[in-house]
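Visitor: One structure, pasted below without further comment.
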Amino acid sequence: MDQFLITGSSRIAGEVTISGAKNAALPLLAAMILAETPTTLHNVPSLQDVRTLIELIGGMGINIQKQGDTVTCDTKSIDNFYAPYDLVKTMRASILVLGPLLARFGEAEVSLPGGCAIGSRPVDQHLKAFEAMGATITVENGYVIAQAPKGGKLLGCKFSFDMVTVGGTENVIMAAALAKGTTILGNCALEPEVVDLANMLVAMGAKISGIGTATMTIEGVERLHGCEYSVVPDRIETGSYLAGALMTRGDVLTKNTSALLLAPVLEKFEDMGAIITTGEDWIRAQMKGRPKSVDIRTQPHPGFPTDMQAQVMAIACLADGTSTFIENIFENRYMHVPELNRLGASIQVDGHTAVVKGVECFTAAPVMATDLRASMSLVMAVAAAEGESLIDRIYHIDRGYEHVEDKLRALGVNIERINSNN
Ligand code: UD1
């Protein structure tokens, strides 16, 4: 297993080009299954999760290729509608193939994703919506076996999600795009990645109104065609690198990104004392002194994103004053806390609340990455700490941050990948 050796304390400063969003690329890749003619997707990041989904889709007999940041997909030769446990277990987003398979081919057999490090994360809302569309769903030996009603087509329906779910909204709008009749979906997720998917579906011939609002109306069409589309920039990658500037009195310019996507995070960065300047496709964060404390409540978009909670907590560890965090999305998303405390932070967790008493500096220590975003908070924290730190289990970071060492080096971080098998 690879590890990172990071020698702090670096001032994180420089320019970094942001990749396409992992969380948009995954549903867009799944949506390619819906198209009867070839689809081309640009700005697709080279990440483990993307490779996993391409392998999963390729395993259905679909011709899907990635060259550079472009993926082309032709579904003509599809010969099975099956997503095996071995691939699905490594990535929960694999469940996103269920909606497209069921809608287009009338059947699908997809392994249940099971639990994951940041909570149990069920998919009951996805399945409930498919049932409302007339599908028969059974779970056998850990697999969801789904069958469309007689005639092979899902039926449009009125359905409201019990809670805001990003993946649920995505799965169901893909399915509704090819359903017979109109689907009215309530309590939809408003995340930019959901909007990106809806826009791509429209480019494929889908009829969707209310995009970017809580109620979407999808008028099912007979067939969808291929299109050429580009993935939105990764707002979480953007925020993660900008966070480095706040922790180290640094100066980071992120390019090929969008300030509009990151507004709730940029507001908090300003509250913490950063000078934020933005242009059409760039954001710069400059930090002159010690960060100020902050209060964060994670919420569905346009609230503060749970995927930035760990990185902002790492900044708050060094703040002048006490910060409070309330995690409202996932029940077990404070696994970075013991690791940050090993670096000298002072954080106490009580249920969903974490209270962070600011300290002057981090001290180097060996730490362990626990999930994707938590890993980045640790990278930034050890980059700010004086001395050498080893980060274990960095496969988490490879799932979601493209060319992470190159980008960190460009920002002045002294980082080396160590293959512990050598
Ligand atoms: C997506 C993102 C993830 C982000 C999360 C919340 C991708 C690939 N991942 O995950 O990075 O942290 O949104 O912004 O886009 N829930 C249920 N039943 C369901 C579905 C969800 O109870 O059927 C719960 C989950 O357990 C969780 C909450 O709803 O507590 C939100 O989950 P959801 O929005 O679905 O997250 P993901 O789509 O898995």
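Any Cβ shown, glycine's included, is placed from N, Cα and C.
So TrEMBL has the following annotated:
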type: ACT_SITE; residues: C116; note: active site, proton donor
type: BINDING; residues: K22, N23; note: phosphoenolpyruvate binding site
type: BINDING; residues: R92, R121, P122, V123, D124, Q125, D307, I329; note: UDP-N-acetyl-alpha-D-glucosamine binding site
type: DOMAIN; residues: 7-408; note: domain 'Enolpyruvate transferase'
type: MOD_RES; residues: C116; note: 2-(S-cysteinyl)pyruvic acid O-phosphothioketal
Visitor: Please give the average pLDDT for the domain 'Enolpyruvate transferase' (7-408) in this predicted model.
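Guide: Over the domain 'Enolpyruvate transferase' (7-408), the predicted model scores a mean pLDDT of 95.
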Visitor: Please check the binding-site residues K22, P122, V123, D124, D307 against ligand 1 and give me the ones with CB under 6 A, sequence order.
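Guide: P122, V123, D124, D307, in sequence order.
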Visitor: Whole-number Å only: compute the distance from the Cα of P122 (UDP-N-acetyl-alpha-D-glucosamine binding site) to the Cα of N23 (phosphoenolpyruvate binding site).
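Guide: P122 (UDP-N-acetyl-alpha-D-glucosamine binding site) and N23 (phosphoenolpyruvate binding site) have their Cα atoms 18 Å apart.
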Visitor: Could you state the CA-to-CA distance between D124 (UDP-N-acetyl-alpha-D-glucosamine binding site) and N23 (phosphoenolpyruvate binding site) to the nearest Å?
Guide: 20
Visitor: Considering Cα atoms only, can you say which of R92, R121, V123, Q125 is the nearest neighbour of K22 (phosphoenolpyruvate binding site) among these binding-site residues?
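Guide: With Cα distances computed to K22 (phosphoenolpyruvate binding site), the winner among R92, R121, V123, Q125 is R92.
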Visitor: Just how spread out is the UDP-N-acetyl-alpha-D-glucosamine site if you go by the largest Cα to Cα distance in Å among R92, R121, P122, V123, D124, Q125, D307, I329?
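Guide: In whole numbers, the farthest two Cα atoms are 22 Å apart.
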Visitor: Would you mind checking how many other C-beta atoms are within 10 angstroms of the C-beta on P122 (UDP-N-acetyl-alpha-D-glucosamine binding site)?
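Guide: If we count other Cβ atoms within 10 Å of P122 (UDP-N-acetyl-alpha-D-glucosamine binding site), we arrive at 14.
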Visitor: How many Å lie between the Cα of D307 (UDP-N-acetyl-alpha-D-glucosamine binding site) and the Cα of N23 (phosphoenolpyruvate binding site)?
Guide: 11
Visitor: If I take the alpha carbons of R92 (UDP-N-acetyl-alpha-D-glucosamine binding site) and N23 (phosphoenolpyruvate binding site), what is the distance between them in whole Å?
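Guide: Rounded to the nearest whole number, the Cα-Cα distance is 11 Å.
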Visitor: Neighbour count first, Cβ atoms within 10 Å, every protein chain included; then name which of N23, Q125 tops the list of binding-site residues.
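Guide: Of the binding-site residues N23, Q125, the most buried by Cβ count within 10 Å is N23.
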Visitor: Report the member of D124, D307 (the binding-site residues) whose C-beta atom has the most other C-beta atoms within 10 angstroms.
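Guide: Of D124, D307, the one with the most crowded Cβ is D307.
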